[in-house]
Amino acid sequence: MNETAIFLVLLSAAMHALRNFLTKKALDKQSFIWWYETFGLIFFTPVFVWVLVSEGMGVLIFSKMILISGVLHVLYWVFLAKSLENGDLSLVYPIMRSSPALVLVFSIAVLGERVSTTGIAGILLVAVGVYTIGMNRFSLAELIRPMRAVRSDRATRFALLTLVMVAAYSLADKIAVEEMHPVVFAYLYPWVSMALFSLYLGNTKWSGGAFIREWDCNKTGILLCGVLSIFGYFLILAAFTLERVSYIVGLRQLSIVFAVLLGGHFLKEENRLVRIVSSVVIFLGAYLIAVAD
């Protein structure tokens, strides 16, 4: 695999994990997400304008997928914030980032795609990793704990809902970029998302002072996340020009391991050994799915 591509993907994966780490540390997760997504959109505007100037206004077309993806991303933000509010980063992040397995299942069911033996093995590995990451230790006595967590643990439930949203918007995005320019799509759907997210947050965050308080306390983190969201996106685009897309997508799942290490070391989260091992299993499964023929 191309060494430059590996470096770009690892850097992008670290950025994604860091962004969620900073969100976990925020006072009000929803306000924090609103702020950095707003700045990310502002930072992305020059790129959008450059595409219009260089390729012409003909690329500015509209698709119903802009609305669909916009709605799905709002739900993703809401569930993401709820997950991080209720649970450890090292628990919820690996679950949320297990989308390659669910995307593949959706692709089989919705798009009629066929899956190889390698893909099936990847799905099984991801399923095992997601299941075991909810255990306190590796033992027969702990096998029932993850099933109980789905019913009783809010963080696990919201993480699973976030996972579903990631898989759903991934499929929507895949359809969208076949209909229109990727950069145009990537710029337009967030406007829908931000409008709906602002309505959802409404007067609660403004009247309660959550928005202003979050900016006052975390403006550096907000601006950093705004930059990370855009820069990480372009690192992946650059990597796509150097190596097979499947390798890039698979390797990017190393962000799962990075997030578990950040949560365990800096946030002093529990069950580090179980979560590190489970996150590695999830990564291996995601990588197999990505490289499967």
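Note that the numbers count up from 1, one per residue, in the order the chain is shown.
Each residue, glycine too, has its Cβ placed from N, Cα and C.
Keep in mind that what you see is a predicted model, and the values were worked out from it rather than measured.
Residues or ranges marked as domain 'EamA' in TrEMBL: 5-133, 158-290. Marked as transmembrane segment by TrEMBL: 6-22, 34-53, 59-79, 91-111, 117-134, 155-172, 184-201, 222-241, 247-266, 273-292.
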In the domain 'EamA' (5-133), how many residues does DSSP put in helix, strand and coil?
110 helix, 0 strand, 19 coil
What does the DSSP secondary structure composition of the domain 'EamA' (158-290) look like, as residue counts for helix, strand and coil?
118 helix, 0 strand, 15 coil
